[in-house]
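Have a look at the structure below, then the notes.
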């Protein structure tokens, strides 16, 4: 008897589901709630959602004091010292910090390098590799004194190059290991020829921080929308005075990249909207890049030339994470075959690997108990 009632109940549920599916309201529901062109949320996220503390570290030099902004999490275990790429900031490590802190016991220190983020230095024009590497060593010294804990430096792109220079110069004597993300001498040097064209192709201004976040995601610069929402605030700043604002001829107005359902809008209407957006940008406070990367060109060669040999010579366990195997140059290919470092390729990521796939990056070099034993010297 019980089985018969159960069967009747199941049949009734199936009938109800079928009725809903043939109802026109069902497809209306699907259209409004599951259509691919639904707008995404580009609202900025706070640093405090990912890091425990924010601190300004004062470093003495011959010209006075430099102040470096750092973001920290954790109080026990080895220190993960995180160095961002050119034009980025410590906030690019926010989501990664949240992930890795839940995996293992560690201390995270993400640092705004000189002339980046909210770091303030006396000579922001000096972005030489050695100066920036010394900055890293000085910040570590101020934080931990003469007996620093074991430190693993993880650097992305320019930050990866600075990590290598820091390691080879022994500016961090308690160095535990070195992880470099998507920077290889050969491909970096080849890319320098086209770098200025890339920088010129970017919008010079944004109508709002939300607009900057939207651009970063839809242009593919950052493929993880959550990371973009917290990290883009470290890449752009509000223009202080309209008279000193950058040219608006290459601005990104709100909605400059339309949603899928708007793709059939006529070209003339799109041009009209662009003109209207430009007028609005001129009226409102606009955002621009914190770092004019095009003006750092004279330092690019020093960041990357000879980097492969320096990386291979570092006397600590080393890990290289790449977005594609095609990025490997000759020296590193030979070194990898000789077992001089550990390498992992993380496909389906852009250049900002740690932002696009923070979980994969975390799993690449950590187990539940700490650093993998198969890091290679």
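Counting starts with 1 at the first residue shown.
Placement of Cβ uses the backbone N, Cα and C atoms for every residue, glycine included.
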If I go by TrEMBL, the feature region 'Disordered' sits on one of 152-193, 194-235, 236-277. Which?
236-277
C-alpha spacing of residue 351 (active site) relative to residue 157 (active site), in angstrom:
8
Ordered by sequence, the long-range same-chain Cβ contacts of residue 182 (active site) under 8 Å (at least 6 apart) are 156, 157, 160, 321, 322, 323, 327, 351, 353
